[in-house]
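In what follows, a single structure is set out as structure tokens and then discussed.
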Amino acid sequence: MATSWGSILQDEKQLEELAKQAIDRALAEGVLLRSAQHPSSSDVVTYAPFTLFPSPVPSALLEQAYAVQMDFNILVDAVSQNPAFLEQTLSSTIKKDDYTARLFDIYKQVLKEGIAQTVFLGLNRSDYMFQCGADGSKALKQIEINTISASFGGLASRTPAVHRHVLNVLNKTKEASKILSNNPSKGLALGIAKAWELYGSANAVVLLIAQEKERNIFDQRAVENELLDRKIHVIRGRFEDVSERGSLDQNRRLFMDDQEVAVVYFRDGYMPSQYNSQNWEARLMLERSRAAKCPDIAIQLAGTKKVQQELSRVGLLEALLPGQPEAVARLRATFAGLYSLDMGEEGDQAIAEALAAPSHFVLKPQREGGGNNLYGEEMVQALEQLKDSEERASYILMEKIEPEPFRNCLLRPGSPAQVVQCISELGIFGVYVRQGTTLVMNKHVGHLLRTKAVEHADGGVAAGVAVLDNPYPV
């Protein structure tokens, strides 16, 4: 996938000057992170790592990813409303994965008590890579769907101007015009605003559940600012704040001090390390409340790796989406090979195949946040330890996607510009809002491209491996 600026990657002096201009433009545009040394303060900030140039993405696959996003929104919504499917699918996982089990316990408790909320909000991001066939053909294959704390919609809204600037500096104005406009933060805020409106209390606020040490605060502020522009106030709080200042009234309306909360937006709570006993109690209070949760715990469970694997089984999509054969076909076309590791013949066979050809598989736990997957020799060692243990049910196996590498220049604070062979991962942001049984909003709202050096098997921007990027349609 050649581009017209490939030769510049070999000109060290020109690259150095371009990198300076790109970094200054990124800072001016607000492509920012708090510093690693001061993650609780905005007194010292730096630019978020990014590519010097946009990266080539096949136009047809970009269009396909956008076209299927509303189907994925509907699928997540359908799964979240199907307690029998969730219980059956996660039954083996929750026996050996304490984190998923705690989430599921809260889910069951709220179901038993009766769900108070009537407005349901999904802000999802479906992530893909581009499988390269032996004949050079490219195919869109889903890596995962993120249903909680899908990040970088704010910073992704600011990077197109940076790459247009770089190409304009090179007098490549035609190429600069091909950089797609992109504003996920606006679309995410529209979903939150619709849920807030349907909640029906003009004085209620949005509660953003955040970490105390948050380097990626400007990404979150982008959504907050969009809401404030719509006269919707956002308050930030940690789980600890909910425990200390939160309460439910007799109608299960949620209050922080004396402020009623219409929507709870989680930018924390997606990893086991983010919970202690106090935080679990806070999560239960939030789930029991009438406030719209983004996500509620059913939507979070719908985004687990085990659910993703089960959805690939023959007939499952048809059962969950009856009478929608076109949507089923679009969804299934994006599925990579996914394999259960539950105890039994099917799991035994999957492990045997992975041990025989480890370069073709990835071992995935039920975790979000990046950097959790196992590849190659690490995967082999883990499977050898797990193969006779019921603990293997807390993992799934996935076919390893093999994209076509390309060259780009990675820019990171405190490091020299790095010209390397790269691969990219494309994310599409989706928003849906349901009131009762009526879907009142379902749309795609933008994209995120993250790029990393080929030698890194796993890890995103927050994990320090990937960098922000923009698709250059080819």
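Every residue gets a Cβ built from N, Cα and C, even glycine.
Noted in Swiss-Prot for the protein shown:
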BINDING   ARG125, 148-151, 214-216, GLN220, 267-270, ARG450, 461-462  substrate binding site
BINDING   GLU144, LYS305, 364-373, TYR375, 398-401, GLU425, LYS452, ASP458  ATP binding site
BINDING   GLU144, ASN146, GLU368  Mg(2+) binding site
MOD_RES   ALA2  N-acetylalanine
MOD_RES   SER415  phosphoserine
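Recorded features from Swiss-Prot, shown on the structure.
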residue : record                 : CB count, 10 Å
ARG125  : substrate binding site : 26
GLU144  : ATP binding site       : 19
SER149  : substrate binding site : 25
GLN220  : substrate binding site : 21
ASP268  : substrate binding site : 19
PRO365  : ATP binding site       : 18
GLU368  : ATP binding site       : 19
LYS400  : ATP binding site       : 21
SER415  : phosphoserine          : 9
VAL461  : substrate binding site : 24
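When the binding-site residues SER151, ARG215, TYR270 are ranked by how far their Cα is from the Cα of GLU368 (ATP binding site), TYR270 comes first.
Highest Cβ count within 10 Å among the binding-site residues TYR270, TYR375: TYR270. In the three-state DSSP assignment, the secondary structure recorded for SER149 (substrate binding site) is coil. Take the mean position of the Cβ atoms of GLU144, ASN146, GLU368, the recorded Mg(2+) site; other residues of that chain with a Cβ within 8 Å of it are ARG125, ASP127, ILE145, THR147, ILE148, ALA150, TYR270, GLY303. Take the Cα of SER149 (substrate binding site) and measure to each of the recorded positions PRO365, TYR375, LYS400, SER415, LYS452: the nearest one is PRO365. Each of the binding-site residues ARG215, LYS452 was scored by the number of other CB atoms within 10 A of its CB, and the lowest score belongs to ARG215. SER151 (substrate binding site) has a Cβ environment of 20 other Cβ atoms inside 10 Å. Cα-Cα distances to ASN146 (Mg(2+) binding site) place ARG125 within 10 Å, out of the binding-site residues ARG125, GLN220, TYR375, LYS400, LYS452, VAL461. All protein chains included, ASN146 (Mg(2+) binding site) registers 20 other Cβ atoms within 10 Å of its own Cβ. Between the CA atoms of GLN220 (substrate binding site) and LYS400 (ATP binding site) there is a gap of 32 Å.
A straight line from the CA of ARG215 (substrate binding site) to the CA of GLU144 (ATP binding site) spans 24 Å.
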